[in-house]
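Peer 1: Please find one structure pasted underneath; my questions will follow.
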Amino acid sequence: MNKSLETLAGRIIAGEQLSVEESIALSASSGTDAFALFLAASRVKEHFLGNGVDLCSIINAKSGRCPENCAFCAQSAHHTTNAPIYPLVDEDKLVACAKEAEAAGSRCYGIITSGTTIKKGEELDRICRAVRRIRETTSIAPSCSLGIIDHETAVTLREAGVETYHHNLETSRSFFPHICTTHDYEEDVETVRVAKQAGLTICCGGIFGLGETAAQRVELAMTLRELDVDSVPLNFLNPIEGTRLAGSKLISPLECLKTIALFRLILPTKKIAVCGGREQNLRDLQSWIFFAGASGTMIGNYLTTTGRPAEQDWQMLRDLELAVGGCCE
């Protein structure tokens, strides 16, 4: 390993925090330095989290007609896409999909709804009933991603049996106005704080390839460190026709891996999962995510796009001789 990066990994393992300046400098790593960066991140990950891999799955429980104007999102009402449009699925569907996710090997199951927030009353009650049934009939850990929520809703979810609340910040505070103008960044930050105060585990990350700079990626990581989130999903833009970012170029596989490694070094003890856009952006280097600091990945389908068969991911893990753990354990 590059001696300076070996020393850096040792410092992080000893409890030091990576500075903004160091992080930005590392983001420019190339050639053999980039591979040394991956090795340093892998060493840090193995020290704090071992050699296991966490697998999670999601259901798009309510799709389309979202009033928010996030530039990347196929479900935004501000875009014209082929994304499906339907109301909240019924309770039986939520439970059945949890059982399918468990059968596929996932240990964490996310119920995700489009829209700014979930409606109190029937929508929230239906999800809570489903969560109770999931807890009674499976061993999978239920999580929810229902938009911006208040303390009352967070407590209701926790009491129903939800373990984790997922709410991405998507990008840095400084770049957010270029991506979304229909709500303020602070509303997302406050949702994370509210869910955490209610006793929920926090899953919060972002999406890359939106046009942000390397410094803005570091800015997001530093915000997540300040918020002390528990799990960090990293997504890479898969441009969807009809969205504002439809013409964007994919990030190169090595750039994706450098981003993963950087987040691992900034957030050494946190669970980091590579999720949306994995297949399109990483291509033949998908398996490298676990040697760049990732501790998990999403299997199955995404919100509006299809993932590869779960068996392919299981074969990848067998080939790498990696053990599978539980993302919410």
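Each residue, glycine too, has its Cβ placed from N, Cα and C.
Predicted, not measured: the structure shown is a model, and the values here were computed from it.
Residues annotated as [4Fe-4S] cluster binding site in Swiss-Prot, with sequence analysis given as evidence: CYS66, CYS70, CYS73. Per Swiss-Prot, [2Fe-2S] cluster binding site is recorded for SER143, CYS203. Positions annotated as domain 'Radical SAM core' by Swiss-Prot, on the basis of sequence analysis: 48-278.
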Peer 1: Give the helix, strand or coil assignment DSSP yields for CYS66 ([4Fe-4S] cluster binding site).
Peer 2: strand
Peer 1: Pick out which of the binding-site residues CYS66, CYS70, CYS73, CYS203 has the most other Cβ atoms within 10 Å of its own Cβ.
Peer 2: CYS203
Peer 1: Determine which residues of the same chain, besides CYS66, CYS70, CYS73, have their CB within 8 A of the center of the CB atoms at the recorded [4Fe-4S] cluster site, and list them by sequence.
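Peer 2: Going along the sequence, the neighbours appear as GLU68, ASN69, PHE72, ALA74, GLN75, SER76, HIS78, HIS79, SER114, CYS180.
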Peer 1: Between CYS203 ([2Fe-2S] cluster binding site) and CYS73 ([4Fe-4S] cluster binding site), find the distance joining the two CA atoms and give it rounded to the nearest Å.
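Peer 2: So the alpha carbons of CYS203 ([2Fe-2S] cluster binding site) and CYS73 ([4Fe-4S] cluster binding site) sit roughly 19 Å from each other.
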Peer 1: Between CYS66 ([4Fe-4S] cluster binding site) and SER143 ([2Fe-2S] cluster binding site), how far is it from one CA atom to the other, in Å?
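Peer 2: Checking the Cα atoms of CYS66 ([4Fe-4S] cluster binding site) and SER143 ([2Fe-2S] cluster binding site) gives a distance of 21 Å.
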Peer 1: Could you give the Cα-Cα distance between CYS73 ([4Fe-4S] cluster binding site) and SER143 ([2Fe-2S] cluster binding site), in whole Å?
Peer 2: 21
Peer 1: Where does SER143 ([2Fe-2S] cluster binding site) sit in the DSSP three-state scheme?
Peer 2: strand
Peer 1: If you count Cβ atoms within 10 Å of the Cβ of SER143 ([2Fe-2S] cluster binding site), leaving out that atom itself, what do you get?
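Peer 2: Its Cβ has 25 other Cβ atoms within 10 Å.
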